[in-house]
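**Q** Take a look at the following structure, please.
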Amino acid sequence: MQRGNLSTRTEFVLVGLSDAPDVRFLLFVLFLITYLATVAGNISILVAISTHTHLHNPMYFFLGNLSLLDILCPTITVPKMLEALLLENKMISFHGCMFQLFFLIDVIGTEIFLLAVMAYDRFVAICHPLQYMNIMSKNLCALLAIGTWVAGLLNSLLHTSLIFTLSFCDSNEVDQYYCDIPPMLALSCSSTYSRELVILTVAGAIGGSAFVVTLVSYICILWAVLCMNSFESRLKAFSTCGSHLTAVCLFYGTTICTYARPSSTYLPNEDRIVSMLYGILTPLLNPIIYSLRNKEIKCALRRVITQVRTA
């Protein structure tokens, strides 16, 4: 590592979406509304789960963790993007860029693990309903939740250290609306081969194993559903599982596509769209797919709204 080259690069320019002046204000309004809707939806889920004791069970415990992650994910990137769109302030310091990448990879990694845990939880609930509460005990749920957050943190520490020990001595324009691994690798003026190899191996192992666990869990769930006698029960379960699996495939597909490939294949325009799918769209859709279609959540939210109006 060439420390001199690193020290000369004190800030970066996030070109991303702010290089489209004709539609900049329209994009600002669109992303602001999307961000506010995402935060409002996920906070509503957290309030409903925390204030109603009948929702204090493993499924809603993991849903609460997912809602928290879906608040954090766009909060890490969208405010800076909105600032660039409205005020044309595209600058971000070296340390600001480093922390942005660290927290983003932390949240994404944690969510990858959490989705696998949630799939396993649903597998136990549907395929082993009589043993569900014994298997998914409070201690196991706490350990699984802590494990997902710790694993995401360690994964992020590894990736961040690999990226920010590179030299950045030429251009300082990050061709994305936030600091991310592919554009930072493309920006570096030092050799990235060994780091890319580690990143690809770790991302492939983590993403692939989590996706396999999730996929196998849902296959078992669907098989159990097919064995149900009631047509209405099968239809309801298929609808729920299909929605969940769609959200999972969207998140896994876009994140694996982004991180489990060499930097030579990085295409800025296409990657911006892909990053919006998992960074902005998925956190907006998750409350609807996972929670707001649930009758218990709806009833809890109605009670919360009623209590707020009464107060």
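The backbone N, Cα and C atoms fix where each Cβ goes, glycine too.
Copying in the features that TrEMBL gives for the protein in this structure:
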type	residues	note
TRANSMEM	25-48	transmembrane segment
DOMAIN	41-290	domain 'G-protein coupled receptors family 1 profile'
TRANSMEM	60-78	transmembrane segment
TRANSMEM	98-120	transmembrane segment
TRANSMEM	140-158	transmembrane segment
TRANSMEM	197-225	transmembrane segment
TRANSMEM	237-261	transmembrane segment
TRANSMEM	273-292	transmembrane segment
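Thinking about packing and proximity, how do these listed features fit into the structure?
**A** In the predicted model, the domain 'G-protein coupled receptors family 1 profile' (41-290) has a mean pLDDT of 87.
The list of residues near the transmembrane segment (60-78) in space but at least 6 beyond its ends in sequence, with Cβ under 8 angstroms from a Cβ of it, reads 31, 35, 38-39, 42-43, 45-46, 49-50, 100, 103-104, 107-108, 110-111, 114-115, 117-118, 121, 141, 144-145, 148, 177-178, 279-280, 282-283, 286-287, 290-291, 296-297.
Beyond the ends of the transmembrane segment (98-120), by six or more residues, the same chain brings 59, 62-63, 65-66, 69-70, 72-73, 76-77, 80, 92, 144-145, 147-149, 151-153, 155-157, 159-160, 163-164, 178-181, 184, 206-207, 209-211, 213-214, 217-218, 244, 248, 251-252, 255, 278-279 to within a C-beta distance below 8 angstroms of the stretch.
Under 8 Å from some Cβ of the transmembrane segment (197-225) lie the Cβ atoms of residues 109, 112-113, 115-116, 119-120, 122-123, 126-127, 155, 158-159, 162, 181, 233-234, 237-238, 241, 244-245, 248, 252, 255-256, 259-262, all in the same chain and six or more residues away from its ends.
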**Q** Check the transmembrane segment (237-261) against each of 25-48, 140-158, 273-292 and return whichever range has the most CB pairs under 8 Å.
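**A** Per the Cβ count, the answer is 273-292.
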